[in-house]
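According to Swiss-Prot, the protein has these features:
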DISULFID  C38-C70  disulfide bond
DISULFID  C48-C67  disulfide bond
DISULFID  C56-C88  disulfide bond
DOMAIN    32-90  domain 'Kazal-like'
SIGNAL    1-26  signal peptide
Amino acid sequence: MAFFSSRVRALFILVLVLPLCSETGFARSKKTRKEPDCDVYRSHLFFCTREMDPICGTNGKSYANPCIFCSEKLGRNEKFDFGHWGHCREYTSAARS
């Protein structure tokens, strides 16, 4: 009976831990992701969800997700493009010189 309970315990732990491990394996790499298609957001600028999928623009600003990035790019007079996926790095004045 002790063998059975240890086997059930191991299976229970596996069922709890497996989803946590497998979700990270499905995340797309920053290097393999393509630039967002801003034409998708053209008809509804600034009507964006609050999901976090950060984008760094060439203007050095971080945008929370592709919708906000594209809305700012298409709806403002500023000229900037897609830099990379993820937050922009903040540089100190000492690092720039």
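Just so you know, the numbers here start at 1 and follow the chain as drawn.
Glycine is treated like the rest: Cβ placed from N, Cα and C.
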Would you find the one among the disulfide-bonded residues C56, C67, C88 whose Cβ has the most company, meaning other Cβ atoms within 10 Å?
C67
Counting across all protein chains shown, how many other Cβ atoms sit within 10 Å of the Cβ of C48 (disulfide bond)?
17
Of C38, C56, C88, i.e. the disulfide-bonded residues, those within 10 Å of C67 (disulfide bond) when Cα atoms are compared:
C38
Going by DSSP, is C88 (disulfide bond) sitting in a helix, a strand, or coil?
coil
Just name the most isolated of the disulfide-bonded residues C38, C70, going by other Cβ atoms within 10 Å of its Cβ.
C38
Whole-number answer please: how many Å between the C-alpha atoms of C56 (disulfide bond) and C38 (disulfide bond)?
15
Find the one among the disulfide-bonded residues C38, C48, C70 whose C-alpha lies closest to that of C88 (disulfide bond).
C70
Round to a whole number and give the Cα-to-Cα distance in Å for the pair C48 (disulfide bond) and C70 (disulfide bond).
10
